[in-house]
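**Q** Here it is, the structure, as structure tokens.
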């Protein structure tokens with residue numbers, strides 16, 4: 001394990017009286033360095049060291065003058081990820097990580113191997129306040145937002161641990177990305193930049209449970225990001241229960257925002273639909289889903305056989321039920337996939353490993 005020096009204040013790029021450079025964009029680095037009397041181009045050099053090469057100290061930045069490195073050491077820090085726990089799937093196609101934060105919180109990330117490359121699923125918040133019924137992340141509520149650097153460190157930490165190239169990122173771990181909008185956008189700008197990992201926007205997926213103002217704000221950025229909407233129900237009555245934010249932003253508003261997003265960005269919208277046994281997986285639900293989506297916008301439906309969450313009473317549907325649901329959608333012309341089951345044996349659903357470790361800690365403390 002390495003020493004951790006993440007941001008200690010929510011929403012602030014300051015560690016004590018020093019700035020965490022991973023919380024800054026290139027423009028922010030330029031302001032920092034020119035304020036030290038350095039030339040503007042030095043910011044690009046620092047950015048490459050930090051966001052692309054994964055440098056953990058300013059001493060590594062050998063193309064910077066020694067006096068500038070000393071000034072950076074005095075005014076700034078480079079946060080470093082600390083792996084608290086790691087679980088590898090039996091098929092070796094997924095690795096679940098639990099990263100520690102300096103305030104004692106922990107966040108989850110998942111490394112996934114696909115035929116087309118390697119992807120990382122990152123968290124944007126410690127916990128979540130959206131309260132989705134089937135999600136383990138929401139069980140403890142929201143603790144705090146992550147800083148841009150804390151999000152970025154999940155990617156760098158996994159890259160360092162696996163030695164693998166990361167070709168795509170999904171913001172689909174613990175938390176609601178659009179509920180932590182500014183940090184999410186800063187992370188995206190850095191990870192897609194030439195000075196960062198240079199991952200194309202089309203290979204970045206932003207997941208949301210349906211925060212309509214956030215979707216509209218993201219559309220105005222005109223970035224070719226993939227928007228993944230956690231739909232999970234074809235009508236307001238059921239969605240009000242499964243995804244409580246629907247009570248504030250019902251399906252009519254959500255669908256309108258999604259149509260506008262597709263129009264503004266030229267990207268089709270992905271609708272995530274977690275199939276919960278006996279809850280939303282029946283024939284009538286599939287037919288309602290067709291009526292909701294067909295012909296409304298360029299879209300794709302991703303069916304997700306739910307991971308069991310005993311605390312929520314969530315059960316996984318049978319393979320036959322999943323296939324029947326899929327065939328109904330396909331018969332009506334919708335583009336459908338069933339998410340490949342990566343990491344079910346490593347608690348890869350949102351919040352499961354974090355909660356399991358926390359419960360273990362509580363038991364140990366009780367015994368002590």
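The backbone N, Cα and C atoms fix where each Cβ goes, glycine too.
Per Swiss-Prot, the features are:
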type	residues	note
ACT_SITE	108	active site, proton acceptor
ACT_SITE	350	active site, S-methylcysteine intermediate
BINDING	128, 132, 135	[4Fe-4S] cluster binding site
BINDING	175, 176, 207, 230, 231, 232, 307	S-adenosyl-L-methionine binding site
DISULFID	121-350	disulfide bond
DOMAIN	114-345	domain 'Radical SAM core'
**Q** Starting from residue 307 (S-adenosyl-L-methionine binding site), work out which of the recorded positions listed here (108, 121, 128, 132, 135) have their Cα within 10 Å, and give them in sequence order.
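**A** Near residue 307 (S-adenosyl-L-methionine binding site) by Cα: 135.
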**Q** For residue 121 (disulfide bond), just give me the three-state DSSP call.
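**A** DSSP call for residue 121 (disulfide bond): strand.
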**Q** Going by C-alpha distance, which of the recorded positions 121, 175, 176, 230, 231 is nearest to residue 128 ([4Fe-4S] cluster binding site)?
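**A** Closest by Cα: 175.
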**Q** Relative to the Cβ position of residue 121 (disulfide bond), how many further Cβ atoms are located within 10 Å?
**A** 27
**Q** Between residue 108 (active site, proton acceptor) and residue 230 (S-adenosyl-L-methionine binding site), find the distance joining the two CA atoms and give it rounded to the nearest Å.
**A** 19
**Q** Taking every protein chain shown into account, which of the binding-site residues 128, 132, 135, 231 has the largest tally of Cβ atoms within 10 Å of its Cβ?
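**A** Checking each of 128, 132, 135, 231, the winner is 231.
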**Q** If you measure every Cα to Cα pair among 175, 176, 207, 230, 231, 232, 307, the residues listed for S-adenosyl-L-methionine, what is the largest value in Å?
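**A** Binding-site diameter by Cα atoms for S-adenosyl-L-methionine: 19 Å.
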**Q** Below 8 Å Cβ to Cβ and six or more residues apart, same chain only. Which residues does that give for residue 176 (S-adenosyl-L-methionine binding site)?
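**A** Within the chain, residue 176 (S-adenosyl-L-methionine binding site) has Cβ neighbours under 8 Å at 124, 125, 128, 129, 130, 208, 209, 211.
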**Q** Would you identify the secondary structure of residue 230 (S-adenosyl-L-methionine binding site) according to DSSP, in three states?
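**A** In three-state terms, residue 230 (S-adenosyl-L-methionine binding site) counts as strand.
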**Q** Just to verify a number: CA distance, residue 132 ([4Fe-4S] cluster binding site) to residue 232 (S-adenosyl-L-methionine binding site), in angstrom, no decimals.
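**A** So the alpha carbons of residue 132 ([4Fe-4S] cluster binding site) and residue 232 (S-adenosyl-L-methionine binding site) sit roughly 10 Å from each other.
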**Q** Radius 10 Å, atoms counted are CB only; among the binding-site residues 207, 230, 307, which position scores highest?
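**A** Compared across 207, 230, 307, the most Cβ atoms within 10 Å surround 230.
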**Q** In whole Å, note down how far the CA of residue 231 (S-adenosyl-L-methionine binding site) lies from the CA of residue 135 ([4Fe-4S] cluster binding site).
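**A** Approximately 13 Å lies between the Cα of residue 135 ([4Fe-4S] cluster binding site) and that of residue 231 (S-adenosyl-L-methionine binding site).
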